[in-house]
Amino acid sequence: MGLSAGCAEVSYPPDIDDAERERLVQTIKDWGIAHGLAVRPPPAVIASDADPQGILATNAPVTLFPSPFPKSSFEEAKAVQTAYNKLYADVSRDEAFLGQIVQEVSGDDFISQLWHVHQRVKAEGYVQKLSLGLFRSDYMVHQDSTDPTKAPQIKQVEFNTIASSFGGLSSKTCELHRFLASTEYPQLKQSNANHGYDLPENDSAKGLAAGIKAAHDAYGDSALGHQRCVLFLVQGGERNVFDQRHLEYALQSLSPGLLVFRLPFAEILQRTSIAQTDRRQLLYKSPTNPDKVFEVSVVYLRAGYGPGDYPTPADWDARYQIERSNAIKCPTVLTQLAGAKKVQQVLATPVTQSQPSELHRFVPDDSGASKQIRNTFTHIYPLDDSEAGQQARKLALDPKECLKYVLKPQREGGGNNYYKAKIPAHLNSVPEESWKSYILMELITPPPVANIILRNGSLEQGGVICELGIYGTCVWDQGTGDVVHNAEAGYLLRTKGDQSEEGGVAAGFGCMDSCTLV
Ligand code: ADP
Ligand code: MG
Ligand code: MG
């Protein structure tokens, strides 16, 4: 995929000649491997038998330069994060509200199955009151294309409550651009390369690890006298393993001696069990030392966010085993459900003229937090048979109107949405009863930015679209709502070619980037 060449008037990135470019690329390639800004090789390499021992790693795709990002928008997004953490903690505690959401998207089997896990555990009683959220609120800068003099506004794309990734690689990318700004950029012939970068600090790996540590510390000692450990539940064949490892290493440097085990989601029932006690401690048997049993304080899910991780009924039993245990879950099933796109729509959609939205259920309308949060909302509509839903259906099916929207099902992980002209065709291809499990969202249109992406050793230069993610960590009591820990935890900038609709780095469309504030 090449980038569009429509940004000739933008003097960024610096105009560099072939020799400078080659040198910069070589520096980035080496720095990336030396510092773990890397991923495992793609499936084609594995399939070709070129890596039978599983020892190869390759550069994660990155921009050669940090992308300019409006400082006011960046600061606004960071400032609202702790309010968002508290909001989503409270949403996850509101079982009646979530039950209503599940009802409203009842055509979605995956959401119904998650809800079923919650109901099974509720029937026997939850033993662990504390929950851990490692969240990421994603934004784009919206620039009114009809009035470029209007100030850019930060608008939320989505709020992630499960497997919010790239915190590990993001701090490394910021470090890379800082390194280049002090060593390589000043050497470029075009002196505009040295026009004063404003590169904000970013310790997302440490910030997320601090969230896990807060939960681990709050768990308390093992009443059974076992050594405690943290479990990372992962997907088999994960390419983005170094991103996860950076979190693990950051956690171990915050809590020296703390053991972290990586467990494929498919092996939960084989390697874990529930103690026969009232507390239902989660026990983990290490494959290398089967006689030794550990007590799991925190389970961090980097898997289980989509139907693909549950190919058999046993995989649902595995999720149930985790959920009913005493381990602190990141996330619980309820917290995962709180991240459903339907929740975001319900929080953002006005109910009546006088009542802005269901947000008031969680955050008082006249509070500063409510205003801050509402400022980040863009228009999102239901596709149900309510009046608002009927109107949205008309927009979605209209060949001209639909060009302003993206249609989203209740899915995570990228690659699931339908854009613009593809919306009517998709809706017409599925039964009308299932339309209510989608939401329709106005497209956010960022101002033009240009950059150069290094992906698989090749360069792509041209117009790019940047998506900012702000990480947040929260530990709360699911019963009382008491908050044990609530912090903003750094940022992610993901960038994609402006001709691409999806921006997931892992899905192969986007790349890692960092902000230079303007
Ligand atoms: P997922 O949970 O699969 O990541 P997202 O809601 O983040 O789903 O959508 C995936 C991608 O689609 C985003 O990263 C972004 O690039 C694009 N996208 C989503 N919503 C919008 C929007 N309202 N305007 C512009 N692009 C969007
Ligand atoms: Mg998501
Ligand atoms: Mg997303």
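The backbone N, Cα and C atoms fix where each Cβ goes, glycine too.
No curator has checked TrEMBL annotations; they are predicted automatically.
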Annotated companion of GLU158, ASN160 at the Mg(2+) site, TrEMBL, chosen from GLU412, GLU432, GLU433, GLU442: GLU412
Close in space, distant in sequence - TYR419 (ATP binding site), Cβ under 8 Å, 6 or more apart: VAL406, LEU407, LEU443, GLU501
Integer Cα-Cα distance in angstrom, TYR305 (substrate binding site) to GLU158 (ATP binding site): 15
Nearest recorded site to GLU158 (ATP binding site) by CA-CA distance, among binding-site residues ARG136, SER165, ARG239, GLN244: ARG136
Stretch-averaged pLDDT - the domain 'Glutathione synthase substrate-binding' (229-338): 97
Residue among binding-site residues ASN160, GLY415, LYS496 with Cα closest to the Cα of ALA303 (substrate binding site): ASN160
Residue, out of the binding-site residues ARG136, ARG239, LYS496, whose Cβ gathers the largest set of other Cβ atoms within 10 Å: ARG136
Where the C-beta lies under 6 angstroms from ligand 2, the matching binding-site residues among GLU158, ASN160, GLU412, TYR419: GLU158, ASN160, GLU412
